Every structure is written in structure tokens, then in C-alpha cells.
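In what follows, a single structure is set out as C-alpha cells and then discussed.
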Amino acid sequence: LLSQWSTEGEREPLLAPRPPEEQGAQPVNSSRVYGRRWVVLTLFSVLGFLQGMVWNTWGPIQNSAKHAFGFSTTDIAVLVLWGPVGYIPWLLFMWLMDKKGLRVSLLLTAFLMVLGSVLRSVPLTDLQLRRWLIHGGQLLNGLAGPTLMSAGPLLSTTWFAPDQRATATAVASLVGYLGAACSFLIGPLAVPAPNDTQIVNTITHWDPGHIRDRIQLVLYTELGVIAVFFVAVLLYFPSRPPRPPSVAAASQRLSYRSSICRLLSNMRFLMIALAYSVPTGVVAGWSGVLDMILTPVRVSQVDAGWIGFWSILGGCVFGVAMARFADSIRGMLKLILVLMLAGASLAATWFTLTCLTRLTHLPSTKATLYTSCILVGIFINSSVPIFFELFIETVYPVPEGITCGVVTFLSNLFTGLLLFFLTFYFTELSWLNWCLTGSCLFSLLLILFFRESYDRLYLDVFVSV
């Protein structure tokens with residue numbers, strides 16, 4: 001297995017001149033795409049799916065978790081907060097990705113997920129110690145986030161042709177959100193709420209032990225699936241193909257230190273980085289405690305789960321569709337983002353005013369809550385791969401993993417700040433909805449004033465010709 005790990009030479013240009021005796025075999029500037037790229041994309045995406053599912057385990061079943069483990073509202077917020085906290089050592093993960101490549105980075109990520117799932121699943125009877133293990137498991141799962149949320153564009157550039165890059169980025173980047181969406185569905189359906197009806201005409205409270213057993217079943221299942229895919233990555237996940245799929249994939253990139261300096265001194269990059277990180281960071285924290293937000297408007301745990309599920313699923317489907325559109329019509333990334341963020345601003349305002357029906361007198365029904373919340377998820381989540389592609393085009397030749405590592409760190413920083421304030425101000429949560437609306441409007445303004453450029457696309461289209 002050690003022979004398959006990438007080395008220092010992986011950062012060298014793949015199209016470097018070869019010895020004269022080898023140059024006659026094939027053209028120096030030859031490119032090729034391999035069918036195995038879909039296997040690589042699938043393994044990476046499934047790990048992202050599982051990491052998102054584990055991160056969002058507790059928010060959708062917060063009422064049941066409080067009943068079974070004695071969790072407080074602060075506990076639920078902190079369990080969600082471990083995801084952003086896992087980004088604190090993000091520079092280390094970006095360095096590892098730049099120096100050792102995708103294989104080593106993904107193996108470490110999968111191992112952290114397995115170890116975290118093991119800690120969460122230890123069936124201790126001491127609930128206080130059990131709480132500490134669950135928190136530790138969530139932290140380890142959070143440490144898997146920097147690689148899985150940042151490496152999608154690097155994977156798409158390394159393995160996919162230019163006319164498939166945005167689509168591959170969308171799949172690799174959005175499947176993690178789909179995992180969080182499935183938690184909204186799996187948790188409430190697998191784990192009974194404390195006030196469910198068990199006997200006909202008799203309302204009874206579920207025994208905490210029964211709820212604990214159902215949660216334990218979910219934890220064991222997630223552990224088993226994660227272990228299977230860890231073994232799959234261990235057996236097969238190459239860092240790069242034998243030959244590059246494009247000129248951009250083969251070109252020399254800046255060093256790690258030069259890349260960080262270039263990004264932090266590029267005002268256009270910082271501008272668009274804020275446009276991405278503020279709304280996506282806020283919506284991640286907001287969706288993680290969506291059940292708590294909807295409880296005051298008399299939405300049940302199951303209904304809140306369905307709202308969260310369809311919200312994120314819609315964003316994933318629409319995001320892949322828009323990425324495919326961006327692949328077919330290049331040079332339109334800014335226009336697509338303007339339309340998405342305008343829609344997100346309107347939908348977030350509608351949802352916020354609907355939740356304040358006592359003041360606004362707007363109809364607060366299940367249909368309006370479903371519609372407005374789903375639209376927020378569609379517009380915000382589907383913008384992620386478009387943002388990623390625009391980042392890479394703007395700062396090329398900075399490596400994709402480093403670029404996306406910086407912006408996803410900023411996004412998780414805003415998520416962490418939101419959840420940190422939630423631990424203090426959790427009695428009345430309408431301020432979370434106003435933060436969501438304000439973040440969308442802020443991002444829209446930044447994008448309107450942003451000047452786009454397509455340096456990588458120019459290299460692929462003109463230099464290759």
C-alpha cells in the first residue's frame with residue numbers, strides 16, 4: 001500500500017519533458033480521461049455523505065436525545081458546533097493534501113470518521129461518561145470535514161476533463177449536504193419522539209431506555225457503513241491518474257507558502273470568499289438546529305425533519321443541474337450566482353416573516369414553511385459548486401485544495417460563531433432567521449460588485465489548442 005501513496009513529486013508538472021527515448025512513444029502534451037474517475041468520485045462522495053450524516057445526527061432528534069441522554073439545549077448546540085471546531089487545524093490538513101496528495105489525506109479522514117463513530121457507539125450505562133464519548137466522537141468526525149469539504153475541486157481537476165469539472169465538483173461538494181439531509185429523514189423516522197402514541201386511545205411517553213436503544217441502532221449502522229468504505233479507500237484510491245485529463249491539471253502550481261500569501265493578499269479573492277462563507281456558514285448552523293427554530297411555530301420533530309430533508313435535497317439536485325449548465329455554457333458563473341443569491345434573499349425574508357406571524361399576520365402554514373425553507377436550501381446549497389469553480393478561476397495557479405480549504409474554513413468559522421452565540425441566546429431564536437436573511441443580502445451585494453476572470457479556462461481552451 002505504501003507504494004500507492006503520493007510523494008513530493010506529485011506537485012511537479014505531469015507534462016514535464018521526458019527522456020528522448022520515451023518522447024517518441026506519445027505526444028508530450030497528450031491528455032486522457034479514465035473510466036476509473038467515476039469510482040474515485042464515488043468513494044470520495046460517499047465519505048462526504050457519511051461525514052455530513054454523522055455531523056447532523058443530533059439536531060433532528062434533539063427532543064429524543066434530551067429525553068434519553070439528559071442532553072440540554074446547550075449540549076445539542078455544542079454537538080453541532082464540533083463540526084466547525086474540527087476546522088481549527090485546517091492548515092495542517094491543507095498542507096497534507098498539498099504535500100502528500102488525495103490518497104493519504106482521504107485515508108486519514110476516513111480513519112478519523114471510523115474512530116469517532118466507535119466512540120459514539122460505546123454502550124456505556126454511565127450517561128455522564130457516555131455524553132463525553134459522544135462529544136469526542138462528534139469532534140473526530142468534525143476533523144474529517146476540512147478534507148472532504150475542500151478537496152472536491154482538486155479531485156475534479158485531477159481526474160476530469162474541462163467540460164466535466166463543474167459537474168464533478170458539484171457532486172463531490174454537495175453529497176456531504178445530502179448526508180445531512182438524510183439525517184433529517186433517518187433520525188426522526190428511526191427514533192421515536194418522547195410524546196408519540198404507542199397504544200390506541202392512550203397517549204404514553206416512550207421509555208428513555210427504548211429511545212436510547214433506537215439511537216444506538218442508528219449509531220451502530222453508521223459505524224458499520226463508515227468502516228466498509230474506509231476499507232474500500234484503503235484498498236483502492238489513487239491520488240492521480242497516470243496521465244492528466246487537461247493542460248490545467250498538468251501545469252505547475254504555486255507552493256504551499258506562496259499560495260497562502262497570494263490568497264491573503266488578493267482583495268478580489270477575499271471579497272468573493274466572504275460572499276461564499278457568510279451565507280453558507282450561517283445556513284449550516286441554522287439548518288443544524290432547524291428543529292429548535294420550528295418548535296415555537298408548532299412544527300413537530302418529524303415535520304421539521306422533512307422540511308430540512310427536502311431543503312437540502314433540493315439544493316443538491318439543483319446544484320448538480322446548474323453545474324452541468326455551467327459546464328456547457330462557460331464564463332457565466334457570476335450571473336448564475338447573482339440569480340441564486342437573489343432568490344435566496346427573497347426566500348429567507350419570506351421564511352423569517354412567516355415565523356413572525358404574530359407581528360406580520362402572514363399565513364404560517366405547513367405549506368408556506370415547507371416552500372420558503374426548501375427554496376432557501378435550493379438557492380444557497382446549489383451555489384456552493386459554482387462558488388468553488390469561480391474561486392479556482394480567480395486565483396489560478398493556486399492549488400485547488402488550498403483555495404477551497406481557506407474558504408471552507410471561513411464558512412465553518414461563521415457557523416461556529418453562530419452556534420457559539422446560540423449557547424447563550426437560545427430562549428428566543430428569531431434572531432437566527434434574521435441572520436440568515438442578512439447574510440444572503442450581504443453576499444448578493446458582494447457578488448454584484450465582483451469582477452470575474454477565467455484564468456484556468458483560458459489555459460485549457462487556448463493553450464491546449
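Quick reminder: no glycine exception, Cβ is built from N, Cα and C everywhere.
TrEMBL entries are annotated by machine, without manual review.
Database features, via TrEMBL:
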- 1-28: region 'Disordered' (REGION)
- 38-56: transmembrane segment (TRANSMEM)
- 76-97: transmembrane segment (TRANSMEM)
- 104-123: transmembrane segment (TRANSMEM)
- 143-161: transmembrane segment (TRANSMEM)
- 168-191: transmembrane segment (TRANSMEM)
- 217-237: transmembrane segment (TRANSMEM)
- 269-289: transmembrane segment (TRANSMEM)
- 304-323: transmembrane segment (TRANSMEM)
- 335-353: transmembrane segment (TRANSMEM)
- 369-392: transmembrane segment (TRANSMEM)
- 404-425: transmembrane segment (TRANSMEM)
- 431-450: transmembrane segment (TRANSMEM)
Contact call for the transmembrane segment (369-392) against the transmembrane segment (38-56), three or more Cβ pairs under 8 Å: no
Contact yes or no, the transmembrane segment (168-191) and the transmembrane segment (404-425), 3+ Cβ pairs under 8 Å, gap 6+: no
Which of 38-56, 217-237, 404-425 contacts the transmembrane segment (104-123) most, counting Cβ pairs under 8 Å: 217-237
Positions on the same chain near the transmembrane segment (404-425), where near means CB under 8 A and six or more residues out: 74, 77-78, 80-81, 83-87, 90-91, 93-94, 97, 145-146, 149-154, 260, 263, 273-274, 276-278, 280-282, 284-286, 288-289, 387-388, 391-392, 431-432, 435, 439
Chain residues in Cβ proximity to the transmembrane segment (431-450) (below 8 Å; excluding those fewer than six residues from its ends, i.e. six or more beyond): 268, 271-272, 274-276, 278-279, 281-283, 285-286, 289, 293, 334, 337-338, 341-342, 344-345, 348-349, 351-352, 355, 376, 380, 414, 418, 422, 425
Distal contacts, the transmembrane segment (38-56) - CB-CB under 8 A, six or more residues away: 80, 82-83, 102, 106, 109-110, 113, 116-117, 120, 138, 141-142, 144-145, 148-149, 151-152, 155, 159, 168, 171-173, 175-180, 182-184, 186, 222, 225-226, 229, 232-233, 236-238, 287-288
